[in-house]
2 protein chains.
Amino acid sequence: MSSKGRQLNLNLFIYPGGHHEAGWRYKDSSPERILDIKYYQALAQRAEAAKFDALFFADGPALTENIRYASRPRLEPLTWISAMAAVTERIGFIATASTTYNQPYNFARFFASIDHLSNGRAGWNIVTTGDAGAAQNFGLDQHPTHADRYDRAGEFVDVVTKLWDSWEDDALVGDRQSGIFADDQKIHPINHIGKYHRVRGPLTLPRSPQGRPVYVQAGSSEDGKSFASRYAEAIFTAHQTIANAQEFYSDIKARVKAVGRNPDQVKVLPGISPFIGSTEAEAKALYDEFNELIQPEYSLDQLRRLLGIDLSGHDLDGPFPRELIRIEGEVGVSSRFHVVLDIVDREKPTIRQLLHRLAGARGHWVEKGTPEQIADKIQLWFENGAADGFNIMPPYLTGGFDIFVDEVVPILRKRGLFRLDYEGTTLREHFGLDRPESQYSLAQSAIA
Amino acid sequence: MSSKGRQLNLNLFIYPGGHHEAGWRYKDSSPERILDIKYYQALAQRAEAAKFDALFFADGPALTENIRYASRPRLEPLTWISAMAAVTERIGFIATASTTYNQPYNFARFFASIDHLSNGRAGWNIVTTGDAGAAQNFGLDQHPTHADRYDRAGEFVDVVTKLWDSWEDDALVGDRQSGIFADDQKIHPINHIGKYHRVRGPLTLPRSPQGRPVYVQAGSSEDGKSFASRYAEAIFTAHQTIANAQEFYSDIKARVKAVGRNPDQVKVLPGISPFIGSTEAEAKALYDEFNELIQPEYSLDQLRRLLGIDLSGHDLDGPFPRELIRIEGEVGVSSRFHVVLDIVDREKPTIRQLLHRLAGARGHWVEKGTPEQIADKIQLWFENGAADGFNIMPPYLTGGFDIFVDEVVPILRKRGLFRLDYEGTTLREHFGLDRPESQYSLAQSAIA
């Protein structure tokens, strides 16, 4: 019961219709409220009451999914989390945003503002955008390659980091008597001239409570892991088995160490989508009920995106045609591609079985069981070098989250694995991450 | 007392330190709270209780002002208003954003999201960004010229309008039974290919409650007026005299009519910065007290920006050197430039007197008087073809707004000039503006 042992970090990952692709069709879901801010504010408050670390939001700057069958429209994450931060006090908010399809100066302003208005509860899930369709919304002839996107991402993060550091922490003075509002010696132009960006700075607003948002990263490709080792403070990752998760965990911690960073300052948080029943049979029946709601046309379209192969016209109950998958090319580089390939090779599924496997949470770990069984698995991963915590991905909302909070969280608490209350106020504090000093203050101290 | 007569529209224009450039130094201001969201949320709630139409926020994507003396850092407006919309129900929020320094696809997502999460209370103050320093934050060698910026602005507004229209109003279906989430026949790629932008679309989220945010515009140059006549639904403008305001008002309404739009669908809202005292002498003493707090170094720097001339070294109590002003060039094109020139020509001030005149609200109308006198002036302008309402620009916060609400608003209500309560829920409804149909629905109806 001690709160002193190593503790889980738990995020609620919000997909508006739930993480199961047919979640919005489930009888207890609320598709009519997918754009209703009050619905999400209530969810945020519920997650805060449960002492979760953060809410996590996906994003992509294009509408390219098969929207006919999918509950995919969502509010824009930065405005969305601003409206949720306004009605909460402690829980963090992690928003996904692209390094390929944003302008660093505007972007840095948005996130600094959110970190201010939330009093230090902002996290940035750094993505390069895998969806090639985005290019055409931004005037590009073609989507940059995977390697190029990661190259851009490194420069983008460097630029916005400089902008977030451009006001030293004590630059704001506000002294009525002298009339000095800000100490302009402590506000620095960044004068960045790089391969992709030229940005003078400084930022329009002072350094934020956390210094910078928490840097979260979600790609597990080679480029992704290399990027994560340099920048990430939390890593969202997809694994189907504890063995894979352990391999990833030890690999990433070693890479972090190799570049001279402290592995404890990088939290590894796999996704888990739990189907919970009061018996194991009930949980499995629930899972089957969701799969009955799947629409194969949509699922095949998703599979085409993940693997680059079109299986429409094939017998869904025939064996999955492994030989059609090509590892070369842009699709084959992504980390999710390899997760799917691993399922295919281990489980030898029919096409329909594979569609069901992926419908749960797009390649993330789907677990079916009683609250006790779910808690056991979480504990197993947590205590055996596979995870520092989890992104909880409810198959539907809000019930799929409610049952986790009501039934699983108390068990984790009883076992001393999850906090009884917040100990800090910022997301960095929840995650046990240091607050970085401004590189300009550091430069000053070095001179002094 | 009837609420049926023509009614004033009143916005509270928020400058973090107040509109007087030394407002932050005034004893009752709160410079230590300029980044505190709770401070602004309380202001928004107070303005809502007073039944104001909207809060209005300036913005610029560069820190180029003389930050040493000026209370100019502010939250980024789109995230800022999202956090205020979250704690209010009826009041609108107008955020300034640049057509020169934004990407239309991202921008359209932000504003659509805000209109959703506020249930139809978003307004966009469309600016081209006058501050040349912004260019260097966005990798440009030089700031586009005034004419070029307005050319870009027209295309930018066209693109984002198409994006906001790209989902017809009834495109979202969410039918559990059939499994149809959206009617993809009613979601349209925009396929925009223009001089400055190429954007495929459609937007990532459904059409918002107001269809589009209210289009507000604030430039009064020739280019600005031409732009306003095509796009604006509300115009924020700066006039020092009723004669000038009347001339502008009738000119803009005629231009709107000339392009085939309804002049009643364009609200003209000058700025007014009121110094209020229980006697006229008290109001003047208050104004003097603020001017005592001015720092000439900062004021001269502001003047240099407005007029393009550097007067440091000159005797502040000598006559203003009118002969130094050049009308040619980029600076001379701006509407504010002409407001200042008009003051100089009418009032023949000393340099110090001009600095004081401008310190009040950067060229906006500063009025000193009792609540009754302020109400009289507002009524005079409103009933004599000079204004449809006003942007109230308190010299300091929050007291400078409180006294307006407590002392002036009740007089306006007694005279039947301002609402006792909201009659609608959206900003369009407050302003009496029609909700536009999607151009794609209209195209469909035309075919049918």
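Cβ atoms here come from the backbone N, Cα and C positions, even for glycine.
TrEMBL: automatically predicted annotations, no manual curation.
What TrEMBL records for B:D59, B:T96, B:H146, B:Y150, B:S220, B:S221 is FMN binding site. Residues or ranges marked as domain 'Luciferase-like' in TrEMBL: B:35-386.
Location within the structure of each feature annotated in TrEMBL.
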residue : record           : DSSP (3 states)
B:D59   : FMN binding site : coil
B:T96   : FMN binding site : strand
B:H146  : FMN binding site : helix
B:S220  : FMN binding site : coil
(request) State, in Å as a whole number, the widest CA to CA span among the FMN-binding residues B:D59, B:T96, B:H146, B:Y150, B:S220, B:S221 given in the record. (result) 19
(request) Can you check how the pLDDT averages out over the domain 'Luciferase-like' (B:35-386)? (result) 94
(request) Starting from the Cβ of B:H146 (FMN binding site), draw a 10 Å sphere and report how many other Cβ atoms land inside it. (result) 21
(request) Tell me the Cβ neighbour count for B:D59 (FMN binding site), meaning other Cβ atoms within 10 Å of its Cβ, over all protein chains shown. (result) 19
(message) Among the binding-site residues B:S220, B:S221, which residue has the fewest other Cβ atoms within 10 Å of its own Cβ?
(response) B:S221
